[in-house]
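Before any comments, here is the structure.
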Amino acid sequence: MLAASIILIALNLRPALASLPVLLPEISAGTGLTALGASYLTAIPVLCLGLFAPLAPRLALRFGIEKTLLGVLLLLGLSTALRGTGSLPMLFAASAVAAGAIAVGNVLLPGLVKRDFAAQAGLMTGLYTMAVCGGAAGAAGLSVPLAQWFGHRWTWALAAWAVPAALVALIWAPQALRRGPAADGHQRQRVRGLWRDRLAWQVTMYMGLQSGLAYAMFGWLAPILRERGLDGVTAGWVISASVMAQVATCLLLPSFAIRQRNQSGLNVALALLAGACLLAMLYAPLSLVWGYAALLGLAQGGLFSVCMTLIVLRSPDSQVAAQLSSMAQTVGYLVASAGPMLIGVLHGRTGSFASAGYVYGGMALGAAWFGWGAGRAALVRATREPS
């Protein structure tokens, strides 16, 4: 039951983010949102993923992981519903709050896997990252058809993603209310020293740059494809197909990675493949777009799932895993937010997405560099103090 619940929670950690970019043309037409405003709208949620991540260990220490995740689901459902008001300020604010809730969930799931599924860490990491990718794929592919089904109301399509979050909150509530803060002896200790550890920084920067590739794709690939000539529904389904391809590598690569002596070569290969496929989406003939989308999905699913696996592999226990996850996602998503922002600014200045290739290429090379270091077979060094 716990494993199934974790998967259901993971399914809800991307629809609020993935549903927005595919509807950007409709949102801009309905609200007068400028190109610069659209770049802020895609970048601010990613920035909030980093800003709110440090709250997760503190909330888990105070309320327990289970109750904190229940709060995440409730806040996520409410903020996602409020995006359907049609108010542009509310859209910005609710998107930021939804991203904050997602940030806390992102941080806590690796620690929960390390605590309760240490012997099956590869399988469980694969299953929940697969669920994350599946939720993103569903939102990317279904949001434009939902808007059309609701009479071309983009507001209703955005708000519809509150429903699954509310349903999973009802399923998770009995589990959360039965269990208080964990009695683990590490739970009352603070972890020190991660911010001075080289390996922790390599994991963190790898997290940030691979996330930058992902959110620059989520934020702008649909508008890029629409500018190149695809209609909105087809562009949404290309993104959805790419994210669905992530499911395969999300499920299979964590167990494969755990069995390797180190993951350096795998990290480099995945980063370079993702970068090459994003460049192909920008410059290659559209007749090949479905093939590039599939390869991109395989690469990005592998990047995300192996990165989450590294947090578990590089940590000696669940408390350090939660803290490393917090560090990696705090700094990492701050780094990642620069990707969507840069692409939006460049598009606003040039009137074209052609220059986005420099952003995609630079992030891919950076992810390969830090991925090589993060893949070393070692543990981060941290000390403990009573909290």
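Heads up, the Cβ atoms here are built off N, Cα and C, so glycines get one too.
Panel annotation: around the transmembrane segment (34-56), residues 16-17, 20-21, 24, 27-28, 68, 91-92, 95-104, 106-108, 211, 215, 218-220, 223, 322, 325-326, 329-341, 343-345, 347-348 of the same chain, lying at least six beyond its termini, place a Cβ under 8 Å from a Cβ of the stretch. Residues or ranges marked as transmembrane segment by TrEMBL: 34-56 (among others).
Look at TrEMBL and you will find 68-84 (among others) tagged as transmembrane segment. Tertiary neighbourhood of the transmembrane segment (68-84): same-chain residues 9, 12, 15-16, 56, 59-60, 90-91, 93-95, 97-98, 100-102, 104-105, 108, 112, 155-156, 158-163, 165-166, 168-169, 172-173, 176-177, selected by CB-CB distance under 8 Å and a gap of 6+ residues from either end.
Outside the transmembrane segment (90-109) by six or more residues, the chain places 6, 9-10, 12-14, 16-17, 20, 27, 31, 40-41, 44-53, 55-57, 59-60, 65, 68-69, 71-73, 75-76, 79-80, 82-83, 128, 158, 322, 325-326, 329, 333 with a CB less than 8 A from a CB of the stretch. As annotated by TrEMBL, transmembrane segment applies to 90-109 (among others).
Residues or ranges marked as transmembrane segment in TrEMBL: 121-142 (among others).
Summarising the annotation, TrEMBL assigns transmembrane segment to 154-173 (among others). Here the transmembrane segment (154-173) has long-range neighbours at 5, 8-9, 11-12, 15-16, 19-20, 23, 26-27, 30, 66, 69-70, 73-74, 76-78, 80-86, 91, 139, 143-144, 146-147, meaning same-chain residues at least 6 beyond its ends whose C-beta is under 8 angstroms from one of its own.
Feature annotation from TrEMBL assigns transmembrane segment to 199-222 (among others). Tertiary neighbourhood of the transmembrane segment (199-222): same-chain residues 17-18, 21-22, 24, 42-43, 46, 49, 136, 140, 232, 235-236, 238-239, 242, 267, 271, 274-275, 278, 281, 296, 300, 303-304, 307, 310-311, 314, 324, 327-329, 331-340, 343-344, 347, 353, 356, 359-360, 363-364, 366-367, 370-371, 373-374, 376, 378-381, selected by CB-CB distance under 8 Å and a gap of 6+ residues from either end.
Residues 18, 22, 126-127, 129-130, 132-134, 136-138, 140-145, 217-218, 221-223, 225-226, 266, 289-290, 293-302, 304-306, 309 of the same chain, all 6+ positions outside the transmembrane segment (234-253), place their C-beta atoms under 8 angstroms from a C-beta of that stretch. Annotation source TrEMBL lists transmembrane segment at 234-253 (among others).
Summarising the annotation, TrEMBL assigns transmembrane segment to 265-284 (among others). Cβ atoms under 8 Å from those of the transmembrane segment (265-284) belong to residues 206, 209-210, 213, 216-217, 221, 224-225, 253, 256-257, 292-293, 295-296, 298-300, 302-303, 306, 353-354, 356-357, 360-361, 363-365, 367-368, 371-372, 374-375 of the same chain, restricted to positions at least 6 beyond its ends.
Here TrEMBL flags 290-313 (among others) as transmembrane segment. Proximity of distant same-chain residues to the transmembrane segment (290-313), defined by a Cβ-Cβ separation under 8 Å and at least 6 residues beyond the stretch ends, is recorded for 110, 113-114, 121-122, 125-126, 129-130, 132-133, 203, 206-207, 210-211, 213-214, 217, 238-239, 241-251, 253-254, 257-258, 263, 266-267, 270-271, 273-274, 277-278, 280-281, 284, 321, 324-325, 328, 367, 374-375.
Under the heading transmembrane segment, TrEMBL lists 325-346 (among others).
Taken from TrEMBL, the feature transmembrane segment applies to 358-379 (among others).
Packing against the transmembrane segment (121-142) from elsewhere in the chain are residues 3, 6-19, 21-22, 109-110, 113-114, 161, 218, 222, 236-237, 239-244, 246-247, 250-259, 301, 304-305, 308-309, 312: each is 6 or more residues past its ends and has a CB under 8 Å from a CB in it.
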